[in-house]
Amino acid sequence: MSVFPKIFLRPEVENYLKEGFMNKEVVSALGKQEAERKFEALLNHLSHPPLFTTVRVNTHLASVQHVKSLLLDELQKQFNGLSVPILQHPDLQDVLLIPVIGPRKSIKKQQCEAIVGAQCGQAVLRGAHVYVPGIVSASKFMKAGDIISVYSDIKGKCKKGAKEFDGTKIFLGNGISNLSRKEIFNGLPELKGIGITMTEPVYLSPSFDNVLPHYLFLQNLPSALVAHVLNPQPGEKILDLCAAPGGKATHIAALMHDQGDVIALDKIFNKVEKLKQNALFLGLNSIRAFCFDGTKAVKLDMIEDTEGAPPFLPESFDRILLDAPCSGMGQRPNMACTWTLKEVTSYQPLQRKLFTVAVQLLKPGGVLVYSTCTITLAENEEQVAWALTTFPCLQLQSQEPHIGGEGMMGTGLSCEQLKQLQRFDPSAVPLQETDIDSLREARTEDMMLLANKDCIGFFIAKFVKCKST
């Protein structure tokens with residue numbers, strides 16, 4: 001049940017995606033009408049938030065049951081005594097799921113309005129409050145303490161500081177302004193705190209701003225699955241080739257009981273610093289993070305000693321995660337993507353460069369996991385087909401746990417190979433409406449089935465290296 005319009009895309013981008021999702025193999029298997037229906041359903045799902053908020057427990061510092069108990073207390077406070085269940089995932093024991101309540105259609109819109117940027121709006125739909133930098137415009141009479149309606153400027157057309165906006169805007173709910181309009185737009189750059197406390201969001205999700213920061217990591221369900229598929233073992237040497245902000249690297253270290261060597265690379269300095277901060281917060285000492293370009297991570301000069309820092313000698317890692325830079329077209333909620341077709345299709349060459357480096361750095365018998373948070377065929381199944389042709393030393397492996405769907409047809413991969421992949425397609429289940437009454441009546445097994453399907457768009461492939469390159 002759709003409450004927002006489908007994701008806004010440039011026509012050439014929508015056509016490009018449609019060609020992929022309605023390729024000859026898919027249309028032959030499903031029929032043209034069903035293939036088109038699934039594609040339109042996907043575009044609708046992308047503009048809505050997933051049905052569950054997912055958090056990963058830092059099992060290095062605390063048990064799942066202890067953290068679950070602390071989180072229940074926190075939710076009671078946030079939701080004013082409303083009883084919302086917390087579910088432990090049966091296949092991912094360190095993952096907790098909280099149902100999202102909504103969409104709530106009876107919220108009364110206020111005369112006083114604030115417009116926020118699209119990125120801020122997406123965060124609000126996932127449970128965040130509105131921070132001052134995200135506020136683009138506010139009614140001229142807005143004062144601190146006012147109850148105001150918050151809207152998202154999904155196409156980025158509202159001018160900063162405007163007193164009214166008549167463009168395309170999506171209602172996100174009501175909140176209480178912590179500052180007046182004058183205070184928000186007085187030009188002081190140091191204003192960074194919460195500008196609007198959301199009290200009646202259209203989708204009710206918990207806020208995790210500074211909530212149990214040593215014990216919890218906010219992470220989408222497929223992202224929390226990746227490290228389990230990699231299956232790192234204590235004492236191994238692991239490489240996370242594109243690691244920031246560190247969700248998967250810290251997960252790898254926790255699964256290894258902080259015993260071994262987790263090398264985390266990213267080429268953006270601020271992101272690496274954030275990664276180090278996350279590792280420190282979570283009490284993990286086995287992670288070594290470096291600001292380094294992953295495409296240059298293979299050491300060509302065998303003589304020079306870098307003392308454990310990049311670049312690295314070939315075949316020096318037991319397992320490698322390549323959570324590749326991608327078009328991010330699977331992220332939810334995303335009401336508008338203004339990217340050009342050139343931008344959307346620009347990632348495949350970079351992904352292949354990084355993949356080539358990963359194969360070179362992997363030991364014979366080692367495991368390589370490739371993942372993206374996008375839905376395009378070119379960045380997912382097409383890359384698998386290319387890898388298997390380009391690197392005869394690689395074999396595709398089945399994955400455990402396997403909670404996603406199989407890969408998409410259209411790149412020449414066999415049925416058996418498609419079953420070894422995990423593609424998370426949000427349109428696999430209809431859009432749902434969740435309220436407290438439906439939660440009381442729902443069976444845990446049914447909720448888990450929904451959680452596994454109604455999440456972000458994501459892709460995972462697992463390879464093993466059979467011999468030296």
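Even glycines carry a Cβ here, placed using N, Cα and C.
Listed in TrEMBL:
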- 141-466: domain 'SAM-dependent MTase RsmB/NOP-type' (DOMAIN)
- Cys242, Ala243, Ala244, Pro245, Gly246, Gly247, Lys248, Asp266, Asp293, Asp323: S-adenosyl-L-methionine binding site (BINDING)
- Cys373: active site, nucleophile (ACT_SITE)
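Overlay of TrEMBL annotations on the structure.
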residue: Cys242; record: S-adenosyl-L-methionine binding site; contacts (Cβ under 8 Å, 6+ apart): Leu265, Asp266, Gly294, Leu322, Asp323, Ala324, Pro325, Leu354
residue: Ala244; record: S-adenosyl-L-methionine binding site; contacts (Cβ under 8 Å, 6+ apart): Ala264, Asp266, Ile268, Lys271, Val272, Lys274, Leu275
residue: Gly246; record: S-adenosyl-L-methionine binding site; contacts (Cβ under 8 Å, 6+ apart): Ala264, Lys274, Leu275, Asn278, Ala279, Ile287, Ala289
residue: Lys248; record: S-adenosyl-L-methionine binding site; contacts (Cβ under 8 Å, 6+ apart): Ser223, Val226, Ala227, Asp240, Leu321, Asp323
residue: Asp293; record: S-adenosyl-L-methionine binding site; contacts (Cβ under 8 Å, 6+ apart): Leu265, Lys267
residue: Cys373; record: active site, nucleophile; contacts (Cβ under 8 Å, 6+ apart): Asn220, Pro222, Ser223, Cys326, Gly328, Gly330, Gln331, Ile456, Gly457, Phe458
